[in-house]
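Worksheet: the structure to be examined is printed underneath.
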Amino acid sequence: MEADVSEMRNELQSRDGLWRRIQLECQKLYTELLKIKECKDMQEIQIKHQSSRVQLTEQLENKNTELLLFAESGEHQEELNKIRNHVYQKEQSHCSEQERMKTEISDLTEELHQKEITIATIMEKAGLLERQLKMELETKHKLLTKQQLLEFRYQVMKSENTHLKEMM
């Protein structure tokens, strides 16, 4: 019986170790969730930057319009060409930067989505393991209680037996 009690204790300890590992895994997932949130915040900042780029594009278009009006007046043709080239280069670099940002945001969004799916799956598994562990602990506790009761009864019977032997 003592061996059974010892075995049950060992099993309960191993279950406790499993439970602690699950808790550590949950903490790691929480840390990863914080990192994902940080990425999301970075995405929001990038979106704000993109809106400011749109405003800059509008300003460039307005300047372009002004330059066209200026060009129609026929003055400073060489300077106007330099300015046009400069505006064109700025527009091209802005467009390529904007495309790069869109691609990066798309990649980050996909990565975030995958991590959210992984976290949800792991949390679901952890919940299931936790329920199973609780049920097993309850079962083990009931068995231990039964064993203790049987041990008590055994001691009572042993005592009665000893008493009866003495009486005989």
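Keep in mind that glycine also has a Cβ here, set from the backbone N, Cα and C atoms.
TrEMBL assigns the feature coiled coil to one of the listed ranges (70-97, 98-125), namely 98-125. Proximity of distant same-chain residues to the coiled coil (98-125), defined by a Cβ-Cβ separation under 8 Å and at least 6 residues beyond the stretch ends, is recorded for 25-26, 29, 32-33, 36, 39-40, 42-43, 46-47, 49-50, 53.
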